[in-house]
Every structure is written in C-alpha cells, then in structure tokens.
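Asks: Handing you a structure now.
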Amino acid sequence: MSAATVGARPAGSRVLNRIVIYGLLLVFALVYLIPFFVMLVTSLKTMPEIQNGNMLALPKDPTIQPWIKAWGEACVGLTCEGIHGYFWNSIKMVVPAVAISTLLGALNGYVLTKWRFKGHKLVFGLMLFACFIPFQSVLLPMATVLGQFGQLGKVFTNAFGMNLGFGNSTVNLVFVHVVYGLGFTTLFFRNYYEAFPTELVKAAMVDGAGFFQIFRRVLLPNSLPIIVVTVIYQFTNIWNDFLFASSYAGSGDVMPMTVALNNVVNTSTGVVEYNVNMAAAMIAALPTLLVYILAGRYFVRGLMAGAVKG
Amino acid sequence: MAFLEIDRLVKRYGATDILKGISLSVEEGGFLVLVGPSGCGKSTLLSMIAGLDSISEGEVRIAGKRMNELHPSQRDIAMVFQSYALYPNMSVAENIAFGLEMRKVPKAERDKAVAEVAEILQMGHLLKRKPSQLSGGQRQRVAMGRALVRNPQVFLFDEPLSNLDAKLRVDMRTEIKRLHQRMKTTIVYVTHDQIEAMTLATQIAVLRDGVLQQFGTPAEVYNNPANVFVADFMGSPSMNLIPAAVRAENGKTVVALQREGEGDLVLDPGQAGEKLSAVLGKTVLFGIRPEAITDHDGADRNARTLVDAECQVEVVEPAGSDTFVVAHLGGKHVIARMRSDVPVRAGHRAPFTFNMDKAVFFDPQTEQRVA
Amino acid sequence: MTSIVTDRMQTPERATQRKSLRARLQEWLPKIVLAPSFAITLFFVYGFILWTIYLSFTKSKAFPSYTLTDARAYQRLWRWTFESNPPSSWYTSITNMVIFGVLYIVFCLAIGLFLAILLDQKIRGEGVLRPIYLYPMALSFIVTGVAWKWFLDPGLGLEQTMHQWGWTSFHFDWIKNKDYVIYTVVIAGVWQASGFIMAMFLAGLRGIDSEIIKASQIDGASPIQLYRRIIIPLLRPVFLSALIVLAHMAIKSYDLVVALTSGGPGGSAWLPSNFMYEYTFKRNEMAVGSASAVIMLATMSAIIVPYLYSELREKNR
C-alpha cells in the first residue's frame, strides 16, 4: 500500500479532504455508469415512452419485450430473425479461437523460456512486434488468402463431398484470430514462465519427465493466473472484434455478433426501435461484461504481474 | 578405477571458459564436496554431472560408463536443489513418487517406496500436504525424500541447506551425514560453506574461477592448503597470513615478523626450516591457524616445536568456549585462539605460544605453498 | 534403503539403448513445437506486410493487380495531405488522428492517474468502485458506439434530457457537426479506456515500496510533494506501458468511429483506419488503401520498435 497517510493535521481539514475524495470518486462512478444505465433503462421501455420521456428516467412500465424482439425478431439487413443466430456465430468462433491461441501461446512461452536456443530473442521479438501492427496492413492479403481457401474448399467439396472447413467463415475467423492473437498469448505466457523457477523444470528432467510431460505435469498446473489473463484477454478481444469480422464475414447469416449489432442499429427500414437496439447491444455486451465482473480482479492482477511491467 | 570420474572437464560459454579443465574422482560410497566462493563454477560442474548443462570438453563417467550424451534421467542420478524445486501442484507423496511414475513404476510399488522413504525421513504425517503448507525444513526433507526414493547411483546436492536458518542447517547437516553413513551411496555436494564441506566430506574439491585449487581429504585441505586461496577460504576464523622474512640466525633458518615499536618477533619454523632455507633472504607469507596460537598452557603438548613470545594485545573477543585474542604482527591483525578464562586484557602485553608444527609458508607472488 | 526395489535399476539401462533416436527427438521437440507459430507469424504478419507494401506500388483498383508501377498511390496521399480546403478525406483522417490521438492519450493518462491516486487513499468500497471504472473496457467499440450515439443524440439524448429538466438553452449536437464529431469519438474512447489505465496505475502504485513512502514522510514531504516528487516519478514505467497501450489502441481505432458516427457527416470523423477500409473495400482504390495502411504501420513502428528494443535488451541483463 502506497497510500499517503497524513500524519498530524487538523482533524477538520482531514474530514473535508475525505469528503472531497469520496465526492470525486462518486462523480466519476456516475459518469462511467450513466451510458450503461441509459442503455439498460432504454432497453426496458416501450417506444412511446422513449419518444416522450426522459432518457434518464426509470421505465414506468418495464417490459422485456425489446429483449425478446432483439433476440428473435429484429431485422439485420433484410432478414428479420433476431440476433440469436449471430450470437451463436460469435460463440462458435470465440471458443475454439481462444482455446487454440491460448494453448499455442502457452507452448511458445514454455519453449522461449525453458528450452532456449540461439536466436530465441529474435523469434520472440518478431512475434511480439506482430501484436502491435495495425491490422489494416494485413487486411487485404488475408482477404486474398481466405478467398483461396474458399476455392480450395470448393475443390474439396467436389472431390470428397465436404470442404474440410476451407471456405467456412467461422473457420476463417478462428484462423485469423489465432494468427493475430498468437503474439499476445505468447507474450503473456513468456513473461509468466520467465519468472517460473527453472529448477522445477530441471528437477522434472532429472525425474525423467520429457518435454510434454514437464509442460503438462509441472508448468500447466501452476499456470492458472496467466491462463485466466490470457483467456479473458483473448475472449474480449475476439468477441469484440469488428474489423476482421466485417472484412471477412460482413454479410449474410455468417456474421458475428458485433457486425450484426452494427447492422441492426443501422437498418433503416421502418421506425428505428431504440429499445430493441439497446437490448441487442446489451446482449452483445453481456458475455464480456460477465467475464469482467466475475474474473476482472484476477485479470488486472495477473496482467500487471505478468504482462505489463510497472 | 574410481566410481565417479570427472576428466578434464571444460565448460565454455562463447569465448569464456567457466570451467577450465577439472579432473576429479570419487570412490563408490564417497562424499565429494565441491566448495568455493560464488561464481567459482561449482554449481555448473554439478549441473554437468547431472546432465542439465552440456559438456564442452572432457568426460564424466559413472561406474566406468561415459555420461556425456545421456539425458539426466538416464544417468541414474538424483538431485536435491537449492530451492528444493518441489512441484507446487502436487502433494508431498506425489512429489516423491513423480520420478518413479515417469519411469513407469507400478502404483503399488510407488506407494510402498514412498512409505519407506517417509519412514526414513520421519515425515509420514506430511504426505498429503502441498509444499506450500510445509516449513523450510520440511520442504528440505521432501526434496531429499524425492532423491532417496529413486535409489540412484549418485546423489547430487546443490547447496541444499543454504535456505535454512542457522540452527536447522546444523541439524540437517547431521541428518545428511547420517543418511550417507546408512546408505553408502556416492554423493556429490555443492556448498559455499566451508564448515559444511569439512563436516560432511570424505573428499573436498576447492574451486576458484573455474580452476581446481586443491583436491583432498578434509584434513589435507585444512592442514596442508596448497595455496593462499585455500588456506584463507577454509576455516573460520580463517588462517592468519603474515608477511615474514626468512633469515639465517646461528646457522638455523628462522622467520621474522615485524612488530610495532619493538624488535622483530623471530620464530623457529620447525620441520619447515629445511624447505625454507631455499628462499633465504626472501619474504614469505607465514600461515598459521588461530588454534595454533594459544596461551602457553593451552598449547598442544605433543607438538614438537612450540615458540613462546610476548605480543601486544589489541582486542579480546570472548566467544564462550574460547577467547579470540587479536594482536598486531607483520602489519596484519593476527588472531589467536585461547582458552575462555585466559587473563589477557586489551592494550596490555600477553604471552602467546606458536605451534610451529602447524605453520605453512607461501610465496607472496605466486601464492603457492613453499613449505 | 537398498531394499527399495532394486530391479528398477534396469530401467535406465534399457532406455540407454533406445537413446539416440528418442534423445534426438527430445532435443528437436522444442523447436518443432515453436516452428508452426513462428512460421505463421513470418508468413501472415511479415509476408503480408510485404504483400501490402507491394500492392501499394501497383495500380490495384477493385481487384489486386500485381504489376509493379510506381509510387503513384503515395504521391496522391502526399498531395492530399495538404489539401485542406475543402479537406480531402486523407487530410481529414490524419488531422483527426492527431486530434484524437493526443486528446485520447492525454485524457486517459490524466484521468487514469487521477482516479488511481484517489482510489489509493485507503478508500472504503474500493472493491465496488474499481469494477465500475473498469467495465467499459469489456465492451466492444460497437456497443460503446451504440450507447454513446444514443446518449449524445440531440433529439433523444442528453440535449433533450436537459431541456426537459428546464435548461432549454442547452445545445449539444457535436455528433452531427462535421467540425466537432471527432471530439465525440474522443469522449467515448476516453470513457472506455481510462478505467483500464486507472487499473494499470493503481497496480503501479501498489507496487511501490512502502518504506520509500515512510522515509519521505519522515523527511517532511507533504502529500502533494510526495506524489509529485516521489511517487509519480516512480511510476515512469507504468506511464510508458500505458502510453504504448493507448497509442496502439488509438491507431487501431476503427470500430468506434463506425458505430458512433458512421463516419460522421461526409466522412468528417474518419481516422486513417477508416480511410484505409473505405478506399480498399468500398471505393475500389486498393493501391491507395494499401499505401495508407503502410503509413499507419510505419507510424506505429516508429513508436513501438524503440520500446520493444529497450524492453528486450533490458531483460538481457
């Protein structure tokens, strides 16, 4: 704790001090909460109430109709089947992408710290730099390559009656997110394993454990903090991604949640149903919000301990 | 042929040699201690025996078999690490059994072996705990148990006691010695603590800067140090090393130590005189351990050459069982070890008795032994 | 002790005979495991960057063309850089980038540090407040954009609310104003990221050795001096990390502009990332889009490479 406790000072000014501090903290808390609050209450109001009422007022007659509509009936472009399909698209994309990139990151971190070879720094440096590139600089070639995958998929379909995943938008997005998430997952695990006692690895070697046995039996069981960080980080990043999603799965029923939400909001047929839009936004935000609320504490702690040096 | 042989071993990182050609050997059942200051290469040497560090040049043989290319797990060794290196996610029993599990020993046999080891180390009640629930001493025991259960040809210890507090360290030292006497397995043990080296070893190897300084029994290393470094490193308080002139007096070779404000203190070097006559007229370093400088009645009665001399006392340090008396000779502080009730006072003169049988002499330039 | 299963002794013997192949595999295994990731990075990151650079020197329009021509795409961007009246899309994008980047970073750092210092005063309820500040980071830019679009909408949002509360002269239509729309992006962006920066600073503050603080108090430093002279200088590494994180997010910001402003009136809220996307995929000017991506990458590299270099070198010691 670095809190500057003030020693001998007049009691009055100390009380005033505390009031100011708490006051400021509460004002900021309100500012951070208001947009969310507005989203929530709006999603529970009826359209007439929205058009005539106050944005900040609590709903007079709360209804979950907008949520039901957003889930099952809202129009995305021309199809009006709600966002549930896109929600599942995102789930189907995010789960494998997070799992694969985390596992690979863990293995890479393990090799880069405990099985060092000449040039390990260069390898890590190149992977690390990849974290920071603006994705615009790879967007177009990836589109071309994914197009080729699609062609390959057609060839496979003709040959074997199935495309083996080539040309499937969800598979494409999983692949893209694994490729461009590797740098971060490797960084997280490398920094964590850097501080992991090497003597344990040596002891396991003397005990006769091989490369994968050491990883599975010694490192992995002791990696929970960094696994939590990596999974949360990757989950939010991939779930929230819009650039790749809109570039490679920007239309039709393969869209992930973020793209669909943007389309719901911008669908201009008929009256704009703000309550449904807000409900859709809430649904899109729910998974990551839950993750942050449930495990945010570990995330920040682990991030500071492992990834971002401070 | 010795059991463990280390033959002209070199460890090279880039252009620098960490170890510069070390040769050592231990008989089966021996207890070899590698001792030296930090950075001398002793831990690297141990790692190379274990197979955790590669060998740049030379050979390690166990029971006549070349080990260089073998994986650590195939060398039939077990190791106790400085940090104990207990797997935090496994219970004590799992930690001990892990090496057997990796070697595909059936579960029932593993359990039996763990129970036996727990019995030997008296830690049956700890088996279900995790390492984080153990005290430092208990962790140390588990680390030893993990090595014992494998029943290897050679045990390797890497500063196993350095993380324990002083009292526990003494207890564990005794325990290790007892285990060795009971099992008679060959041990290679690394430490920077010369007392540990003296108490445990059958053979001591003193290293400095990757070079073997001396290799011998504890008594040899202690009483007949090969050079100034070994003399200074072994023993606590360390050996007095006093500049002295070698002169001929009355046809005999003597050594003379400067004293402040009075004439030189002239000592008869005893048996060393013959060798010293070769460096007549030169300066040598006169080495004598504190316990060889005593009050008159405390001197060793069997010594052949005892020399009495009066010196000015600078400091008196009672240490309970003994009293350390500091005098100023040859420009150095010289420590004598006297009996606890000896009546000396700082600032006064007192009689000192030098046991010259124990004296050793070094060349001040090369720091090698001359007599 | 010797009673413990002597027949086990044979295991290493047997293993020795098989050694050469297994041992060699074990030796190569780490590299084999790392290789796919490294190859993927080399091809899909560095290869693609080269590919993009190549495309920027072609006449690619709606489809990639692979005939190298000249630096015409860069010449156009260069010309547009100075076309301020009426502003070219590129001019708007880069001026927006500067405005957004500077304000976003400065406000996030300032608010983040301020909140962290406030929270570090032994606050009761810290456990409740911290997630409140942090949660916007969990939201996607799209959700943030949707929420703030609604909140800042002149007809339904803040302005109408103020009117209803009696402040009828209140006027806030930045989101529809081409000169001010970029500032709404700043507001939403700062709202989203400042809590995260707060968390970074808070962790940094908690990491400071409490004895240093005790020593400075004994030396008679007032709380303000304590922060100004001791604590904030000690937070230098956190500043650096936060700066890198923010600069990185600022250059990548694309979704927020899309969701909050749909590009703003006449593309007035564009950032270079939006410019790139629009020119590449919507305006069929692939070469120009690629050139703008290359410029973005070069800018990011200028910031990140020295940082990474010093980080990796530091660990060498």
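Keep in mind that glycine also has a Cβ here, set from the backbone N, Cα and C atoms.
Dumping what TrEMBL says about this protein:
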type	residues	note
TRANSMEM	C:28-54	transmembrane segment
DOMAIN	C:94-309	domain 'ABC transmembrane type-1'
TRANSMEM	C:97-120	transmembrane segment
TRANSMEM	C:132-152	transmembrane segment
TRANSMEM	C:180-205	transmembrane segment
TRANSMEM	C:226-251	transmembrane segment
TRANSMEM	C:286-309	transmembrane segment
Asks: Which stretch from C:28-54, C:97-120, C:132-152 shares the most C-beta pairs under 8 Å with the transmembrane segment (C:286-309)?
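Replies: Stretch with the highest Cβ contact count: C:28-54.
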Asks: Cβ pairs under 8 Å with the transmembrane segment (C:97-120): which stretch of C:132-152, C:180-205, C:226-251 has the most?
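Replies: It is C:180-205, which has the most Cβ pairs under 8 Å.
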Asks: What else in the chain is close to the transmembrane segment (C:132-152), if you only count residues 6 or more beyond its ends and a Cβ gap under 8 Å?
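Replies: Answer is 115, 158, 172, 174-175, 184, 187-188, 191-196, 198-199, 253-261.
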Asks: Sequence-remote contacts (6 or more beyond its ends) of the transmembrane segment (C:180-205), Cβ cut-off under 8 Å?
Replies: 96, 99-100, 103-104, 107-109, 111-113, 115-117, 119-120, 130, 132-137, 139, 141, 144-145, 148, 152, 174, 231, 235, 237-238, 241-242, 245-246, 249-250, 253, 256-257, 260-261, 264-265, 268-269
